Amino acid sequence: ELFRMLAEKNVRKFKELGVKKVVTLSPHAYNTMRNNYPLVSNTYFEVYHYTQLLRGLLQANKIKPPRHNAKVTYHDPCFLGRYNQIYDEPREILQSILGIELVEMERSRENSFCCGGGSGNFVTDLLAGSEESPSRIRVREAYETGADILAVACPSCMIMLQDAIKVEDLEDKLTIKDISQVVSESL
């Protein structure tokens, strides 16, 4: 009931403000507004994840990133990929930047491995020990690709994977960056 109440309150506020489109940074917020809000409230606005918007701007040549030499691997966030089938947009953004070599991790797209942000790290730390935490496993998988940058499109994944990089002592070998950072640094 609380969710319904909050969703209806947000939808009323969006309507009052004349909102027609909502762009989210978080795949969790994207999933909630796009898939869950319509179940409990009469939504009228379009919802986008920022990678969908950014890809459109790049395709329309409204943003023209110059060269950015780096080997990049991309982590598919659960709520962007598995729950909403957004796999191509983030990769197309990265591939549109000259000089970027996109290398896939063994587990990617539909088979991507969760970063542990949805309490997976907590549970595995209790049951199996920190060596087997999802974020540490994922960082090791990214490192094995030979990438310089592990690109993400989710604030929760960013936090989980940044912590894992420190614990794995890979800070000098692999950098975590949001896709928007990769693009902005190449402008």
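Placed from the backbone N, Cα and C atoms, the Cβ positions cover glycine too.
Remember, TrEMBL labels are computer predictions, not curated facts.
The structure displayed is predicted, hence computed values, not measured ones.
Database features, via TrEMBL:
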DOMAIN    72-162  domain 'Cysteine-rich'
Across the domain 'Cysteine-rich' (72-162), DSSP labelling yields 41 helix, 10 strand, 40 coil
If I take every residue in the domain 'Cysteine-rich' (72-162) and average their pLDDT values, what number comes out? 85
